[in-house]
Amino acid sequence: MKEKHYCKCCLSQECYKDMANDYYFGNKIENYCDMLINVFNIKITTDNGQRNLICEECVSKLRDAAAFKRKVLDIQEAMRNRIGWESFAADLSK
């Protein structure tokens, strides 16, 4: 009997990628276990020796979430730098 494989994120049976492996996307290397930890603080555990698989739909959603997190963090950093600079400049003009 053929073993069924499921996506560890959505339980889809359309799984193509092992989450522990590194994959190239464009000019970047992605590791989906690492991305889940970095974006959501979720650690996927292995149960009963099954592989940790992820489907293409969840990979796409994970990429979008990672990009959104990066965008928000970049904007927050830019705002902190700008506010810090404006505060410094205001202090100098006093």
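Heads up, residue numbers simply count up from 1 along the chain you see.
Using the three backbone atoms N, Cα and C, a Cβ is placed for every residue, glycine included.
Residues or ranges marked as domain 'ZAD' in TrEMBL: 5-82. Marked as Zn(2+) binding site by TrEMBL: Cys7, Cys10, Cys55, Cys58.
Cβ neighbour counts within 10 Å, taken over all protein chains shown, single out Cys55 as the most crowded of the binding-site residues Cys10, Cys55.
For Cys7 (Zn(2+) binding site), the same-chain residues 6+ apart in sequence whose C-beta sits under 8 angstroms from its C-beta are Gln13, Glu14, Cys15, Leu53, Ile54, Cys55, Cys58. Within 8 A of the CB centroid of the Zn(2+) site residues Cys7, Cys10, Cys55, Cys58, the other residues of that chain are Lys8, Cys9, Leu11, Ser12, Glu14, Cys15, Leu53, Ile54, Glu56, Glu57, Val59.
The secondary structure of Cys58 (Zn(2+) binding site), as reduced to three states from DSSP, is helical. Counting every protein chain shown, the number of other Cβ atoms lying within 10 Å of the Cβ of Cys58 (Zn(2+) binding site) is 21.
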